[in-house]
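S.K.: Quick one: the structure is below, questions incoming.
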Amino acid sequence: MSDKPNNFPPLPRFIPLKPCFYQDFDTDIPDLHRTTAKRLYYLWMLNSITLGVNLIGCLAWLIGGGSATNFGLAFLWLILFTPCSYVCWFRPIYKAFKTDSSFNFMAFFFTFTAQLVISIIQAVGIPGWGVCGWIASISFFGTNVGSAVVMLIPTIMFTAVAVLSFVALTKVHRFYRGAGGSLSKAQEEWTTGAWKNPHVQQAAQNAAFGATQGAMTQNEPQYSATPNYGYSNEM
């Protein structure tokens, strides 16, 4: 087990709560996967920001004559989905890249697919569901144009999150299958308990780092001897 103190989320000192997770892309994630892991983290941040903007959009919806139910649900989605999405799909893919764990990859695919479906529903925007999607925003133009324009901002952001989520899911799945991952490997990890064994995880992490360094070494030009370019010594 790592003795490093938890550093995420970075809470102010006056809050009587401590960080729950340790997160360091440079030390935990191999170079080969670091960019993808960071992009998924940025996607989680974009999704969280979108939920906050959606709350503002639902407030404009309420001021323009909409239902208070939408504002209440928007607040609920913000405080519920922000931490749950981090725990349910970002942490599994973070640990999957860190330890090359098939079980965590499968956990990510399952929860992130649900995240994708939710993002599509949010982009559609069914009235009364607490989201400013396309249906809710466009239909409200006949009631209050100003509020509808504000509602379009989270609508566009929800659409972007849905598109980026689909791209991310496709990319990670292509990598996983290309690396030889399968459901049977995930089931084997679950049966043997390797997915939660810290010693196995550390060994897998070391192997992943070693494989990455080996691939980088192979890509470097190799010279059997100092090259001689035949320059003349005559002046």
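Including glycine, each Cβ sits where the backbone N, Cα and C put it.
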S.K.: Do P30 and V145 sit on the same side of the membrane in Swiss-Prot?
M.R.: no
S.K.: Would the transmembrane segment (40-60) count as touching the transmembrane segment (149-169), i.e. at least 3 C-beta pairs under 8 angstroms with sequence separation of 6+?
M.R.: yes
S.K.: Same chain only, please: residues at least 6 beyond the ends of the transmembrane segment (68-88) with a C-beta under 8 Å from a C-beta of the stretch. Say none if there are none.
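M.R.: For the transmembrane segment (68-88), the far contacts come to 44, 47-48, 51-52, 54-55, 57-59, 61-62, 111, 115, 118, 127-131, 136.
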